[in-house]
Amino acid sequence: MASPRSERTINRSAAAVIPLFMIAGVVYATWVVVVKVAVEYLIHPSKRYQQLGIPPRHGAAIAILVLYFILLPPMALCYLRTLQIIWTDPGYTSLGQKAEKDTAPGLEQFYTKDVFVCDSQGRPIWCEKCKNWKPDRTHHCSQVGRCVYRMDHFCPWVGGIVSENNLKFFIQFNSYGALYTTFVMIVMAVFLAERKQKAGDVQATWAVALALAAMFCLFSVGMAASTLQLTSQNLTTIENLNRGNAVYYLAALVESPGPVKSPVGRSGYGPGIVTYPNQAHQSQPLQDSGERMRTREYIILQTEAGDNPWDIGPLRNLKSILGDNWYDWLLPIKYSPCTKHDRDDSHFEFGPVVEKLKRQAGLIPQYNSEKPSRHRHKRRHRRHKREEIRT
C-alpha cells in the first residue's frame, strides 16, 4: 500500500502528464475522422472499395467535417481555459505567518460579515497546515498542500485542482466533450461496421479511435451529469462525500439586543454568544469597515445533519456557477459569479436553512400566523355591515 506522500507524488505526476495524453487523443481522433474517414474513405475511396460497393459520398463527408469542426473548438477552448486557470489562478488562499491559533490575525475578514461558518466555539475554521483562517467552504487539499477556495476535487484529467475559479469551465468542457465524443463514437461505429460488412476488414486505427471515443464519452457524460447535479444543489464533490452527516456551525450576527430562543431538536444554537473583536485578536480592522468596527455579538447556530445552508434553489445555484446570462453558460470567458465574494452579509449567499435557524433563534421575526384570521374577520365584519345597510 502506497504511503500518503508517494500517493501525492503519483497524483501530481499524473496531473502533469495526463493532459498531454488528452491533447494527443484529440489530435489522433481528428486525424482518423478527417483524413482516414472523411477524405480517404468517403471522398476518395480506393478502386477496391468502389468495386465492393462503397462509392464516393461527398455529402456525407461534408456533413461530418462541418459537424466535427463545430463540436471540436468549444470543447478544446473550455479544456484549455480550465488548464489556464489551474496554472495561473487555481484559487489558493494565502499562507499565514507562523502564528498560533489564539493570536493569529485575520478575524476581521469574518466578523465584518453577518454570518460565517465557525467551529463550536464561534471561531472561524483554522487550518493548522496553512496557519490561517479558512473562509467559508474552503478545503485544504493534501495533493498540493494548500487551502483552496470552494474546492471541488483534485482531477488529474485536467491537470490539478477544480475549484470555484474553474468549475464553470470544467462543466463546460465535460458537456461539450460529451457531445464531441458521442459524435465521434457514432461516426466511427457506423463506418467501421460498414467497412467490415462490405470490405471484410477492420482498420486498427479506426478501432482504436472508436475505443477511445467510447471510453471518453462515458467519462464525459457521467462527469457532466454528476457535476451539474451537484451544482444545481450548490454542493461540491467534497461536501457531497459527507452530505448525509454534515453538520455546520454558523456564527450569526445579533443585530440588536433582545431575547434569543433555543430551538428544540438537534438544530439550534450552540454554546452561546461570542463577541468580536476580542482581546486575543487585535489585528488591524478593515479600512472601509466604518460603523462595523464596533463590537459585534454573534449567536452560534447549528444545522441539522444533511442540511445544506447554501442551497438557494436549483436555478439560482446553477447561475452562481455558470453565470446570469445564457451566453455565459456557453462561453468559457467570465469567472463564476460566486468568485466575487463582494457580499456584505456573508462569503456565499445562504439559503432558507439559515433563514429558518435565524428565525428559530429570534434573530428575525416569526411569521405571524394570526394575520390571515384577522383579515378574514375584517372581511366578515364589512360584509355584515353591508347586509345591515341593505336591510
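Don't overthink the numbers, they just go from 1 along the chain as shown.
Cβ atoms are placed via backbone N, Cα and C, with glycine included.
These features come from TrEMBL:
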{"type": "COMPBIAS", "residues": "373-385", "note": "compositional bias 'Basic residues'"}
{"type": "DOMAIN", "residues": "124-242", "note": "domain 'Palmitoyltransferase DHHC'"}
{"type": "REGION", "residues": "364-391", "note": "region 'Disordered'"}
{"type": "TRANSMEM", "residues": "14-39", "note": "transmembrane segment"}
{"type": "TRANSMEM", "residues": "60-82", "note": "transmembrane segment"}
{"type": "TRANSMEM", "residues": "173-192", "note": "transmembrane segment"}
{"type": "TRANSMEM", "residues": "204-225", "note": "transmembrane segment"}
Report the mean pLDDT of the predicted model across the domain 'Palmitoyltransferase DHHC' (124-242), rounded to a whole number.
95
Counting by DSSP secondary structure, give me helix, strand and coil numbers for the domain 'Palmitoyltransferase DHHC' (124-242).
69 helix, 18 strand, 32 coil
Given a Cβ distance threshold of under 8 angstroms, which distant residues of the chain, six or more beyond its ends, lie next to the transmembrane segment (173-192)?
29, 32-33, 37, 41-42, 64, 67-68, 71-72, 74-75, 78-79, 81-82, 158, 202-203, 206-207, 209-210, 213-214, 216-217, 220-221, 223-224, 227-228, 332
Hey, which bits of the same chain come close to the transmembrane segment (14-39), Cβ under 8 Å, at least six residues off its ends?
61, 64-65, 68, 72, 76, 79, 83, 143, 154-160, 184, 187-188, 191, 203, 205-206, 208-209, 212-213, 216
